[in-house]
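Taken from TrEMBL as is:
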type	residues	note
DOMAIN	2-219	domain 'Glutamine amidotransferase type-2'
ACT_SITE	C2	active site, nucleophile
DOMAIN	287-427	domain 'SIS'
DOMAIN	459-600	domain 'SIS'
ACT_SITE	K605	active site, for Fru-6P isomerization activity
Amino acid sequence: MCGIVGAVSERDVQGILLEGLRRLEYRGYDSAGMAVVGSESQIQRAREVGKVAALADAIEANPVAGHMGIAHTRWATHGEPSQQNAHPHMSGDRLAIVHNGIIENYQELRDELKAEGYEFTSQTDTEVVAHLINKHYQADKNLYKAVKTAMTRLRGAYALAVVHSDEPDHMVVSREGSPLVVGVGIGENFIASDQLALLPVTDRFMFLEEGDIADIRKDKIAIEDRDGNAVERSITRFEHASDSADKGEYRHYMLKEIYEQPKVVKATMTGRITDSRVLEQALGTDAAKLLENVRHVQIIACGTSYHAGMVARYWIEELAGVPCSVEVASEFRYRKHVIQQDTLFLCISQSGETADTLAALRQAKKAGFRAALAICNVPGSSLVRESDLVIMTQAGPEIGVASTKAFTTQLVALLLFSVALARHNGLSEEKEAEIVKALHLVPGQVSDVLALDGEIENMSKAFMDKNHSLFLGRGSQYPVAMEGALKLKEISYIHAEAYPAGELKHGPLALVDSEMPVVTVAPNNDLVEKLKSNLEEVRARGGELFVFADKAAGVKAEPGIHVMQLPSVHEITAPIVYTVPLQLLSYHVAVLKGTDVDQPRNLAKSVTVE
Ligand code: F6R
């Protein structure tokens, strides 16, 4: 999704902006651009379709040197990926703007501005904002005032950064619905849509809030809230090691992040459990008071995070006996719901900036849920700031578009939450101790699965020339199968569908033949015998099976049934461990197919628009 970087400094900002864009590449984009106010107070602009490297080449050939500039990676919403549609957009030759988000009333504004004589060179909603600000600029020749007035006309979601060559000492930025962070430097200041972009230049950040407008100078940051009050936004330090955004020895971020799982899964439980207990206080000082009265849990999330929520439903209902509903945010936000009394609203999001999830949270806060709990990976994100209680996952920055370590750490956080809730609902000390002991074993078990990487890579060859595949699981392994199917389709572009294994004969069995590989996760649990019958149904139709199974599950390898034995795992923690081989399988299929593993086509890391 689109990315913004900006800098006001003593030094030339080209390098800072380019490095910032490189660090935002993981979000997914189709073109990149930069506008810098030069020493003659003129705006110099470069825009290229494709990778940031193409922009870097263009800038090397024709430098855009200067002390203040804005830059952008665009993910097309209004208008195809093209140089003309790439940001920054200009109005005349003195005002430039970059924008994330979507302006919903852009057509109405475009018609109005056209009637007033403004000419459009792109199909974007952003150019409309550029002209609108320019129009207001003509009244007072004051950029800050012009942006502020223009904001009153904009409907939709946006983060904006605007420069004017007649005011070469400052830029004006604002946010409404899309994230924007100010990086605080010494004698220089920065802005970005994601703090990762600015880690080479600062580790101190101010998060702008909804409706904020800010004046950014090299030695001063002044912020006003939506009501026009001057406000201070507190400065927080970035918590993760700065090398966490590097690929290191790995070929792809996704592989690096898969391999980080033993460490980050452990980090997510560290300090929150003893040998035998979940430390409820570690989930938040108000956790005990809050959980005491919860009678229903409503989970909301998107994509991979939604799958984590689906696993959690099994845990919450099984361990706590508390009813739990799970829904994708984009559906939840557009329907009427019956809110049961004392319902806890639980949002799960890696980025904490997913537009649908945030919209659902904002609705829920008005609708009378008991409280809002967030499970999130990004400190300072909108979700974290707007929730009553937060359990942070400790995955560190996740750069690969396909979520891996974020998912397994979400599962850990959700299991801690489920146990804490269950304790208020009659979970015995023995059972809690059993689960916590099983949790302690998970990092080691994930390492054991990673040791099977070579075998999984070998297995992946069977998928290379296939167009479709089926993933099966039962019980809490059904969402694991869904997550495996999502991983395969998003990075290898092979069509993959997941089914609860018991549903096979109600339709999808018709698809099974030798061209349809069927992947199954089979830990040793109550459902394994039923699962084995489902596998027979596939085998009888000539389908080739790839089974990840507990040794004790007794699934035997034979022609057409490939079995990979996984470590013996407690039934409750099995979804965390069984996810990992499916991640590796997708990764290797994608590498064999030569797709862009870290930035799959058409996808973005952080989906900040609807
Ligand atoms: C898939 C993936 C997406 C995200 C989804 C929600 O690999 O990463 O499906 O899970 O866009 O994002 P967050 O968790 O940031 O709200």
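Cβ atoms are placed via backbone N, Cα and C, with glycine included.
Model, not experiment: these values are computed from the prediction.
A Cα-Cα distance of 10 Å separates the residue listed as 'active site, for Fru-6P isomerization activity' from C2 (active site, nucleophile).
A C-beta separation below 8 Å, combined with a sequence spacing of at least six in one chain, links the residue listed as 'active site, nucleophile' to R27, Y29, H72, T73, R74, W75, H87, H99, N100, G101, S193, T608. Within 10 Å of the C-beta of K605 (active site, for Fru-6P isomerization activity) there are 26 other C-beta atoms, taking all protein chains into account. Across the domain 'SIS' (459-600), DSSP helix (H, G, I), strand (E, B) and coil residues number 67 helix, 30 strand, 45 coil.
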